[in-house]
Amino acid sequence: MLRVVSWNINGIRSPLQGVGYEEPSNCTATAVGHILDKLDADIVCLQETKVTRDALTEPLAIIEGYNSYFSFSRNRSGYSGVATFCKDSATPVAAEEGLSGLLATQNGDVGCYGNMDEFTQEELRALDSEGRALLTQHKIRTWEGKEKTLTLINVYCPHADPGKPERLTFKMRFYRLLQIRAEALLAAGSHVIILGDLNTAHRPIDHWDAANLECFEEDPGRKWMDGLLSNLGCQAGSYTGSFIDSYRCFQPKQKGAFTCWSTVSGARHLNYGSRLDYVLGDRTLVIDTFQASFLLPEVMGSDHCPVGAVLSVSSVPAKQCPPLCTRFLPEFAGTQLKILRFLVHLEQDPEFKQSALQLTNQTQAQVRQNKARVRSARSRSSQAGTTRGQKKLMSYFQPSSTHPQASSNLELPNLGALVTPRTSEEEVMANVVEGQPKASEAKVAKEVQTSFWKSLLGGPSPMPLCEGHREPCVMRTVKKPGPNRGRHF
């Protein structure tokens, strides 16, 4: 048997005491492991985890006996998010975050995206940016011994705030994307289960006060579910959609079967709620393999209760977890992080790329020119040197190959901050070279070196004269506390 459970947990880091486990809130990680054991499911899908990757801790993400997969909100911290915990005996063969494929890593993904031409890239990115969908694909074996593929879509569908019409549009577009992806997986030959918080009470029996709600049947979300689901439960021949509401298949007339209650008015005690959480399976899978579908209203700890189903199949675990598994995250894998993982790749427009390429070409040309000049200078230095052993400092400051050897424009390092302003290095060397045009190169180099170091180590410049009295000025130092303290004037 394969048992799957879904639960909107309303914050995975909050204290969880709904299954008879009472510990301080700092033992959250241990509480999650205990809850997974109490639910006793092969696959547990959680919604509204309200955790981002930077806040995910290793004890919370890696539970002994399970392999976990998380989808995080990329827009807001402490918002949305889903997670799937699979027992090691039900390890998936593939796992993927999001419905559009834009978050796929091309390694261990589920695939089968369908025709999404009606969506723009920006719209798909926005629909997947809130961490509302997570897919895991499993191998199952029927009682006949046949191996088949089962894809679980763990979803936390958006809530349509009456005061924000754009959120209703967002919700309906998310529904449409979910349906396209699920039907594409069905067309590819995989069985599909959609489970989680769909944020819509489908029929009047699924809401405690449906009779007093205006235009209950005209709600866009309910109309979408009408097209997604079969009309008459498990009855063959009368259905329009590809999926079946598994709970209504087994309990078609059960009243008061709610999964969500308001926490403000204490509605759970009076059972004034609605059924927002579902386990939807494709028609063939539900009819052939579903043994039961249940609610667990006695489980506290959230404003929702868990829902689940039991299938008469066995799981065939994969030999290795998919790359999306949290144990492979660098922060949990026990490997040292590289600095490149903290850098974000920026998308560059064509004009910027072209200008950057031109700048790179210019820089490379300049580097080649400088290297050629250095090689030329080194060759002349080796030919002109008359002594052997350690090279002289001035051998690295030779004239450019494009100028005559006795030119007055010798290239020297920019030491303006060290050389006294009365004489520059270039002037001193130029005067020496011009004064002795017929001297040997070695003698010229020696005299230039001597003059250069004399100018460099000649000491500070003499004090300037007062413009009025023509007397040497006196240097003063600022002693008053402040930013100018210690400065000379």
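Positions of Cβ are set from backbone N, Cα and C atoms, glycine also.
Automatic prediction, not curation, is the source of TrEMBL annotations.
Note that the coordinates shown come from a computational prediction; the quantities given were computed from them, not determined experimentally.
The active site annotation in TrEMBL covers Y156. Cβ environment of Y156 (active site): N8, Q47, E48, S80, G81, V82, G131, R132, A133, G196, D197, N199 lie under 8 Å away, each six or more residues apart in the same chain.
Counting Cβ atoms from all protein chains shown, D197 (active site, proton donor/acceptor) has 27 others lying within 10 Å of its own Cβ. Here TrEMBL flags D197 as active site, proton donor/acceptor.
Sequence annotations record features per position, and here TrEMBL assigns active site, proton acceptor to H304. H304 (active site, proton acceptor) counts 23 other C-beta atoms within 10 Å of its own C-beta, drawing on all protein chains shown.
Feature annotation from TrEMBL assigns Mg(2+) binding site to N8, E48, D197, N199, D303, H304.
Annotation source TrEMBL lists site 'Transition state stabilizer' at N199. If you draw a 10 Å sphere around the CB of N199 (Mg(2+) binding site), it holds 21 other CB atoms from the protein chains shown.
Residues or ranges marked as site 'Important for catalytic activity' in TrEMBL: D277.
Look at TrEMBL and you will find H304 tagged as site 'Interaction with DNA substrate'.
Listed in chain order, the extra residues whose Cβ falls within 8 Å of the Cβ center of the Mg(2+) site residues N8, E48, D197, N199, D303, H304 are N10, Q47, Y156, C260, L276, D277, S302. If you measure from the Cα atom of D277 (site 'Important for catalytic activity') to that of H304 (active site, proton acceptor), you get 8 Å.
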